[in-house]
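Chemist: The following block contains the structure, expressed as structure tokens.
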Amino acid sequence: MGKTKAFNDTFLKACKGEKTDHVPAWYMRQAGRSQPEYRALKEKYGLFEITHQPELCAYVTRLPVEQYGVDAAILYKDIMTPLPAIGVDVEIKNGIGPVIDSPIRTKADIERLGELHPEEDLPYVLDTIQLLTKEQLNVPLIGFAGAPFTMASYMIEGGPSKNYHKTKALMYSEPETWMLLMNKLADMTITYIRAQVKAGVSAFQIFDSWVGALNAADYRTFIKPVMQRIFTELKSENVPMIMYGVGASHLVKDWHDLPLDVVGLDWRMSVDEARKEGLTKTLQGNLDPTILLSPWEVIEERAKDILDQGMKSDHFIFNLGHGVFPDVSPDTLKKLTDFIHDYSAKHKKSSI
């Protein structure tokens, strides 16, 4: 029997701003699309089968840890996973994304939404987490959920949108109906994350992919109170809490106000700029994923710049500003991870 690897808690330490031997790294969408092993799996099984069979899902979740040497695993699931359980039928269509044939657009639609019971509705999610825990994954496992605004935008628009005009129209014209939906989705998020933590995740990230469509004033009025409730109620779970959104640099100070541990940055705002804005909590990010399609010299230069900014504090985790593209080479991600670890370890050693 092979020797069990020691548990790597670098990511968890960085979430709290504790000293580490190197900067921890993991990548959004690190599991799946860019890996040949995953593509081979997709030739045998559909996405539904992979995500609903704990053994397959655990395998996909584990792959980047074994191949790239990242400091955390993130559960391989979709943010849409809990919606069918509350009465919203979702189909993931190739080349489009989540599609909802019966959008949620009225108060009556919202009132018909049910409650989430993870043990009954999503046993395959919890079984996957427990399987990874039993297999002694040697890095923390990150759970996640979609934020109420992003979930609502899919539910109201019926799928991806460029301008979210139906979503924003409901928010502006029927604020009470909007808040009813926000609170129902907040309840779902809290219940879902609690179940994931109970099953064994060591941290979680809330993805608000499309919240950048709102200005700061509207965010504070229509979204922030709900996010405050989510993080306040989940604080008792005693695991690091991460917030991330796309194109939302104008909202990071509002995120920083929330009782969370880590603020995720996309590539539009540098780490230095975020610190100048007064963000003292742990920052996570923020290499533009497109750069991973460039020559290695370019990747190294950009990664070094981000590390130099991030390492001014122990409150830093290296990630991308968005998810890994399908055409990124796994070798590039391995090389990047090694560079992050080696470069940051030398810096930290020399600064002792």
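Along the chain as shown, residues are numbered 1 onward.
Every residue gets a Cβ built from N, Cα and C, even glycine.
Swiss-Prot lists R29, Q30, A31, G32, R33, F48, D78, Y154, S209, H322 with the feature substrate binding site. If you look up Swiss-Prot, you'll see D78 marked as site 'Transition state stabilizer'.
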Chemist: Tell me the Cβ neighbour count for R29 (substrate binding site), meaning other Cβ atoms within 10 Å of its Cβ, over all protein chains shown.
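Modeler: For R29 (substrate binding site), the 10 Å Cβ neighbour count is 18.
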Chemist: Would you identify which of the binding-site residues A31, D78, S209 has the most other C-beta atoms lying within 10 angstroms of its C-beta?
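Modeler: That would be A31, with the highest Cβ count within 10 Å.
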Chemist: Counting across all protein chains shown, how many other Cβ atoms sit within 10 Å of the Cβ of R33 (substrate binding site)?
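Modeler: For R33 (substrate binding site), the count of other Cβ atoms within 10 Å is 15.
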